[in-house]
Amino acid sequence: MKKSRKLDHCLNCGESLLKEEDFCPACGQENKDQRVSIGIFLSDFFSNYLNFDSTFFRTIPVLLFKPGKLSIAFNSGRRKKFIHPIRLYLIFSLFYFFIFGFIIPKNIFDVYLNNASFSSPETIKMKLTEKEKAELDSILSKNPAAKKILNQKEKSNSLSLSDSSESINWKEIKILAQDPDVSMVEFEKTLAKASFSIGDLISPEKQRTFIANSNLFISGVARNLPLMMFLLLPVFAGILMLLYIRSDYYFVEHLIHALHLHTFAYLIYGIGILLIQFLQFNSEWVIGLAFIWVSIYTYVSFKKIYRQGWFKTFLKFFLLGHIYVFFLSIGLMIELYITLLLM
């Protein structure tokens, strides 16, 4: 049983309070001592924000096995029986992205690129067979502009590089990027020699920062992903609204549906990651089954909420999937770009 934490005055406005008063009559703040132990602090947090009580355990089976029911219940006004959609989303978004960020190796670039070599254009040409060289010359002869650009590139490399026939691997580029004694001019020559670039919109200085601190870049991407996905929720709801423009649903009702669908996906994919990482389940099977379950769940949810025919529902489900993947790709590119600029 919890001890009473009531006070004789309001900590917010200073109003005198009676011991039996639960809230300040002047400002409305709850009458309790805010200086608490870590145990009480965590208890209050879970109680007020995550709400792991009977409502939570009543919500999870419905979320897992009854597609669309939570959205229908909330939109029809039955809101006390289940957890609020935003709170539910935050719980499983936190669950999924914590696991996702935990398993992503921060040195993923080093792992996959350490043995990769980057070669200059003339080095690549030297490695071609005579037949391939002839085909390349034939293509260039039909495209004078491309030939001119390549010749200028080769001329530039021959003036700036001491040995253009050598390849450079990722590890060597990273060591140079981290070395304060290597000037930007020397580093840019190295990038030119390796024909390495992460985009024309990124300055050489930012490219050097990225290469030198690729581990921090991955951490930044993982940290920003939850915000990106949250900002894409209205996009998902907007696509639903366009696909079901003749329905009498408001935008916010589509948004509630979007929250529940994303929450379900986070829960399933999060469990899948745990099975792969800690119980050594086959990753292809787990990911495949999780994708199928999420897809079927979404389709059935569409059918139950919007009450259209099976084929029409499938067509709209198919269209939404492709349109949303397009926006996801754009969102991810923007997120990567912003993360890089903020490094």
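Note: Cβ is positioned from N, Cα and C throughout, glycine not excepted.
Quick look at what TrEMBL lists:
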type     : residues : note
TRANSMEM : 86-104   : transmembrane segment
TRANSMEM : 225-245  : transmembrane segment
TRANSMEM : 257-279  : transmembrane segment
TRANSMEM : 285-302  : transmembrane segment
TRANSMEM : 314-338  : transmembrane segment
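Within its own chain, the transmembrane segment (257-279) is flanked in space by residues 63-64, 67-68, 70-71, 85-86, 88-89, 91-93, 95-97, 99-100, 103, 229, 233, 236-237, 240, 286-287, 289-290, 293-294, 297-298, 301, 305, which lie at least six positions past its ends and keep a Cβ under 8 Å from the stretch. Touching of the transmembrane segment (314-338) and the transmembrane segment (86-104) is ruled out by the presence of fewer than three CB pairs under 8 A, sequence neighbours closer than 6 excluded.
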